[in-house]
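Below is one structure, written out as structure tokens, with a few remarks after it.
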């Protein structure tokens, strides 16, 4: 009898412990469910907040005017086959900065190179962890390439974002854009001649290649600025010839070491695929820059998205990243060659030529901007 009573007590205790355990488990499940629901709620709130960003921006700038058609802006602002999406002139600087988040025909042009600029900063940070840019002077050509890439993409963002404020600002910021292009051409030349060149070509071109690259970069800047200056007084083809021909000459000269290397490539060349990539991307972007086929054959459909210049931006950014990675691989794997070819002070000389290129382009820009100012003052007097 006592054993039966003992068994009953044990069974009762087990039942109570099971109920307590179930209660604890239920409490834990309830707490976990509450945490999950709170997390989902936070995500949902975050998504709601993100969706409210355009409305908040609109409320922050309630006076921002909408876009206008090509007939409402001066002729020098108009792009061929783009009829709508232009921003009105003579607005506040705040308006043009906030137009970064507005839908207009320059939005994609701004964002393509703005994203490229941010990715280039990340790339520079990664390279700084792997390359001693301070003490290894043989790495300076690679640093010049990255800095020149940051410069051209940054100046491009400024041109497309702020160039619509006034006629003078239009010329100023696009002249800066051309300075960015010219010094990027020099950055391309220096890495190709320092890392990608072979011994035969280096022996025949030493003392000539980089000074010529400096001159061609300055001529490219002059041609682009003059083409922009003549934009509204000469036919469109004059502008394209002034911009394309000097840039094409600079590219052919600057890329000649890569071209020869691609003709003689071997399977053990780790960087050759990226060199092929940079050449293919550059030729493609040059085509879209020269021939605005998309907006020409799809009139009215590419005013905001799909312009040839937008494709040009994307392809040029891809070219730049292929070029940087190819140059990094050459820097790592072709050390024996460039250490033998280049003297210890060559890198410092090329840095000096880079500074000279910047100074030359700045003087050209100042000269052309002065001519623009004279024209604008004369037009103002006629009014």
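Yeah, the Cβs are placed from backbone N, Cα and C, and that goes for glycine too.
Here is what TrEMBL says about this protein:
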{"type": "TRANSMEM", "residues": "108-128", "note": "transmembrane segment"}
{"type": "TRANSMEM", "residues": "140-159", "note": "transmembrane segment"}
{"type": "BINDING", "residues": "160, 309, 313", "note": "Zn(2+) binding site"}
{"type": "TRANSMEM", "residues": "171-196", "note": "transmembrane segment"}
{"type": "TRANSMEM", "residues": "208-229", "note": "transmembrane segment"}
{"type": "TRANSMEM", "residues": "273-291", "note": "transmembrane segment"}
{"type": "TRANSMEM", "residues": "348-369", "note": "transmembrane segment"}
Contacting positions for the transmembrane segment (208-229) when only residues 6+ beyond its ends and CB under 8 Å are counted:
171, 174-175, 178-179, 181-183, 185-186, 189-190, 193, 238-243, 245-247, 249-250, 253-254, 349-350, 353, 356-357, 360-361, 364-365, 368, 371-372
Across all chains shown, how many C-beta atoms besides its own are within 10 angstroms of the C-beta of residue 309 (Zn(2+) binding site)?
21
Neighbourhood of the Zn(2+) site (160, 309, 313): other residues with Cβ within 8 Å of the Cβ centroid, in order?
106, 108, 109, 110, 112, 113, 156, 307, 310, 312
Residues of the same chain, at least six outside the transmembrane segment (140-159), with any C-beta under 8 angstroms of its C-beta?
109-110, 113-114, 116-117, 120-121, 123-124, 127, 131, 133, 173-174, 176-177, 179-181, 183-184, 186-188, 190-191, 194-195, 313, 317, 320, 323-324, 327-328, 331, 347-348, 350-351, 354
So for residue 313 (Zn(2+) binding site), how many other CB atoms are inside 10 Å of its CB?
25
When you measure from the Cβ of residue 160 (Zn(2+) binding site), which residues in the chain that are at least 6 apart have a Cβ under 8 Å away?
106, 109, 110, 113
